[in-house]
Each structure stands twice: as structure tokens, then as C-alpha cells.
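The coiled coil annotation in Swiss-Prot covers 114-185, 225-247, 307-385, 421-444.
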Amino acid sequence: MEFLGTTQTASYCGPKKCCGLTSLPAVQAPVIQECYQPYYLPGYRYLNSWRPSLFYKIANVQTCPDESTSTLRPPTILPTLRSALFSRYSPHDWDQSNQLQVRGAEASRLWASRLTDDSMRLLQDKDQLTHQMQEGTCRNLGQRLSDIGFWKSELSYELDRLLTENQNLETVKRRLECAANEVNCPLQVALECLYHREKRIGIDLVHDNVEKNLIREVDLLKCCQEQMRKLAQRIDIQMRDNRDAQHVLERDLEDKSSAQCIDEKCFNLRNTSDCISFFHGMEKIDGTISVPETWAKFSNDNIKHSQNMRANSIQLREEAEHLFETLSDQMWRQFTDTNLAFNARISEVTDVKNKLQTQLAKTLQEIFQAENTIMLLERSIMAKEGPLKVAQTRLECRTRRPNMELCRDIPQLKLVNEVFTIDDTLQTLKLRLRETQDTLQLLVMTKCRLEHELAIKANTLCIDKEKCMGMRKTFPCTPRLVGHT
């Protein structure tokens, strides 16, 4: 009779089953990595934190090949022994199991000891690596602070020089504006001189050397004024460029000051500092926009740009100083030439006036002489009328002689000759009287012309000597012409 299954006691009676127990898999040594790896921080839960940390896999349950086939037909054993012999093992199985447990324990202890040693070495290596990296970071931060301090000093030095140059340029611009305004006074004087000289009369309204110099002076003053104003405009544009460069330097200096404060704070951080904390994922964020080369080049370019602006400013200041020197010399030379032309013209007009006055005096003397001559001629003519009347009366009386007494005797001839002579004398005197009267009229006209010319010359002298030269007694001094007040 056969029964399905066997009891625990009867299992000893059945044939021995070969149950091969597989050994534990070999455990691999951990791999030590020198690079930074993400790690789990205490107090945080992750998705795989619930899984057990096992160093080996549990061996799958091995089944005997005979058991798989015997399930269809259980062995034939006694019913009374099946329950007692079902869970029994052989001594060999027991020894093998104990040896297996001992070997497993020894393997676990060996692995634990090896892992402990490796962990201690790992701790030492990582501690040393962390300390070295922290020291290296501190050195790098210190070097960075030195670099920032160097560029800050360079930027501050350049900024101070640029500010000084801006002040100097502002002073030159103010001098140019003052000098341009100072030119208005001599320009107005020159224009007033031209306007006054337009009031000359007659022939004295001549385009003389004085007028040429005045026109040249007006043109020169306007040209100088225009040059100074144009240079002031160029300086104003350069000052705007300088202010732009100044703002760039100030912004760069401010950024470097902020970066220096931040890096000093980072440099002074220690493991025991109170303000340190975890900031997860910051190492994955790259918000930088420059590298050390471009960072240094940026400040260097700003300094070079500022130096170029200062060079342009220095060139403009030198140009302004040269312009001051040249224009002031030209204005003074032209002012002197115009005054010399005025003096020469005044001397010339004075000489002509003196000559005219001399001629007028002589003319007046001649008029007086002519008037006296006319008076004498008139008296002489009147004096000759008596003898002529006597002679003519005698001839008329002798014409009344009778007959033969009408003789052409010597008295008759003398009387006739006397009448002709006196008559000829009267005609001559009358002719001379008319000539003298014409001469007197000419002298009077000459006197009028001379007096008119003297009035013209007096008006010219009044304009040139009193009005024009009265205004031209003063001229802006050289310091005022170069913008110094």
C-alpha cells in the first residue's frame, strides 16, 4: 500500500535526496573615487532609502530534482513513521551547514574588517583631500583678493588722474569762454571806430590805412572768438567722453569693491562659522560671464580707454594754451598796428590842417592886400579924373579960338598927348582894378574852401583823435585775453 507524502519521522526511511547548497557569492571590494560624488546628507529621505543594505544576495532555494518528480507519486513509507521522520537531516548535512555558517561568519568578519580598514583609509584620504581643497580654495581666494586689490588700486589711480584732468579741462574751457567774452570789448571798440569814421566829411571819407587796419582787426577778433568757441565746444564734447570713461571706471571700481567684500567674507568663512549652511545644487549653476583673462582685460581696457581720453584732453589743453598764446599775440600786434595807423593818420591830418591854416592865414593876408590895392586903385582913378577933366576942358576951350588962332601949337599937342596919356592911365588902372577885384574874389573863394577843408580836417581829427583814440586807450591785458580773471 502506498501513501501520498511522508511524515517527519518517516523521512529518514526514504531515499536520500541530494540537496546541494550553494555558497554565498563573493563580495566585491568598494571602489574609492577621488572626485566629488553626490552624497546623502543626514536627515534627508531619498527614494531608495527603504531598501536594505546587503553585501550579498540570498541564495535561491534549491530543490532536489527527485522532489519535483516525486510530487506526482509520493514514496511508499509506513504511515506511522511519516510524521516522525519528515524534517530530519543527516549528520553530514548538519556538519556541512555548521561549516557553512562558520565560513559565512568568517567571510563576513573578514569583509567587515577589510571594509573598516578601507573606511578608515577613505576617511583619512577624504579628510586630507577636503582640507587640501579648502586650503587651496583659501589660497585662490587670497590670490583673487590680491588681484582685485591690484586692479582696484590701478582703477583708483586712473580715476584720480581722470578727475584731475577733468578739472583741468573744465578750467581751460572756462578760460576759453571768458577769453571769448573778453574779446567782445575790443571788438565793440573796433566796430564803434568804424561807425564813427563813417561820419567823416567829403574827401576825408577815404579808405585809408586806418580803415584797413580796423577792418583787419574786426575780422581777426571775430576769427579769434570763433576759434575759441569752437575749441570750447570740442572740449565740452571731450568732457562728456571723459565723464563716460569716469562712470565706467567708477562702476568697475564699485563692482570690484562689492566683489572684494564678498570674497573677503568667503575667505574668512571657516567650518565653525555661524553663517554657513547647505545650498543644494549651487555647484550645478554656472552664472559666470567671464574668465580671469577677460576679467583682467575688461579692467585693462577701461584703464586704456581712460588713458586715451586723458591723452586727448591733454592734447586739447595744449592746443588751447597754444591758441591763447597765438591769438593774444595776434590781437595785441593788430591792436598796436591799428593804433600806429591812427597816430600816423592823425599826424598826417594835423600836418595838412596846419598847412591849410598857414595857407588860410596867407590868403587872408592877400585878401587884405588886395582890398588895400583896390582901394588905392579906386583912389588913383578918382585922382586921375581931375587932370583929365582939366586937360579936356582946356582942349574944349581952345577949340573956341577964332580963325587962325586955331593953331596946332605945342600946348595943343601937349594937351592932346596929356588927354591920351591920362585916358590910357585910367584904362590901365581900371583894368588892374578889375583884375584885383577878380583876384580878391578868388582869394575869398579860396578862403572859403580852406575854411571848409579846415572844418573837415577838424572833424576828422575829432573822430580819430578824440573819439576813436579815446576809446582805444585801453585794451584787455594778456592775462584777461587768455581767460584769467
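One-based numbering along the chain as shown.
Cβ atoms here come from the backbone N, Cα and C positions, even for glycine.
Restricting the average to the coiled coil (307-385) gives a pLDDT of 93. Between the coiled coil (421-444) and the listed ranges 114-185, 225-247, 307-385, the one holding the most Cβ pairs under 8 Å is 307-385. If one looks beyond the coiled coil (225-247) by at least 6 residues along the same chain, the residues whose Cβ comes under 8 Å of a Cβ in the stretch are 159, 162-163, 165-166, 169-170, 172-173, 176-177, 179-180, 183-184, 187, 302, 305-306, 309-310, 312-313, 316, 319-320, 323, 327.
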